[in-house]
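A.B. asks: Pasting a structure here, questions to come.
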């Protein structure tokens with residue numbers, strides 16, 4: 001027990017030390033100066049390859065590749081993972097959630113460290129069929145998050161290797177066809193994805209064992225999540241990547257806290273699974289009809305509560321704050337005049353240099369608590385409702 005507590009403290013102190021050291025020595029800019037010119041060169045020289053693929057333009061390919069991109073997008077996983085939890089596959093669901101959070105963090109870190117452009121449009125034709133794709137287009141290119149996430153999800157299902165390889169290939173080609181990525185981005189996403197998968201397969205059982213039966217799980221994960229908000233690199237220009245990272249980090253905390261609290265009630269390996277007499281299709285549909293509205297209500301309430309509490313706590317502690325979208329009253333604050341700063345740099349500077357001139361973007365805390373509350377409801381509140389309603 002004592003050795004585990006020491007290990008947790010060492011891990012958190014190590015991350016904090018890295019934040020201080022990397023900020024002091026400006027590690028992000030130094031890495032960017034080495035990698036960005038090389039990657040940008042390959043993006044430019046890869047444009048003819050993209051144009052060759054796009055010569056086969058057809059409405060069928062537009063629909064197919066846009067649909068495949070949606071299947072491996074963050075909104076899809078956000079909707080799919082709760083169903084996986086409620087169908088009785090708790091271990092797979094929580095491992096996929098944590099793997100996705102890890103992939104999202106590392107992939108977006110690399111994007112914003114390198115800050116490499118996407119293929120130039122024009123001459124490349126870019127297709128953004130959904131609002132999610134429009135937001136993705138605002139991010140940097142390398143690595144391709146869709147290719148990275150596809151390699152994780154598909155390779156877990158080792159019984160269908162050929163289908164998995166075909167799916168990964170279609171996603172990669174689709175991202176090029178849609179004008180969202182160059183060849184170097186796809187290769188980068190595949191390499192990073194396979195690397196993460198190799199690491200995850202080696203440690204996932206240890207991580208899962210810690211979550212369901214380890215000591216100080218919630219407090220350790222809360223500290224880890226908090227530090228990861230500061231450990232995120234500052235991009236060359238602001239992008240939505242930090243927002244995606246904040247949301248998924250909140251989701252991971254909510255899942256871990258909820259599962260650790262209710263594992264023996266709702267998430268152990270003997271719980272009823274779908275397509276068995278204990279959990280029939282009608283019963284599962286009943287769970288969905290109860291669960292989806294509930295988590296949406298919790299998401300709304302968590303956001304409203306965070307919008308009320310965080311500014312009040314910040315004002316009480318004398319912490320200057322701003323809000324880019326959630327709280328209109330704070331939009332006109334003096335902090336908004338610091339247009340050259342991004343949310344990421346503001347957080348890191350506030351953490352490392354305690355000056356009155358630096359400000360928090362309170363939207364980050366609101367988003368984090370909102371998604372943490374949503375995820376907690378998926379694995380704790382909603383299963384409690386299922387138990388009460390005998391679903």
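Cβ atoms here come from the backbone N, Cα and C positions, even for glycine.
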A.B. asks: Transmembrane segment per TrEMBL: which of the ranges 60-86, 87-113 is that?
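C.D. replies: Residues 60-86 are the ones TrEMBL records as transmembrane segment.
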A.B. asks: Transmembrane segment per TrEMBL: which of the ranges 116-136, 137-157, 158-178 is that?
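C.D. replies: Range annotated as transmembrane segment by TrEMBL: 158-178.
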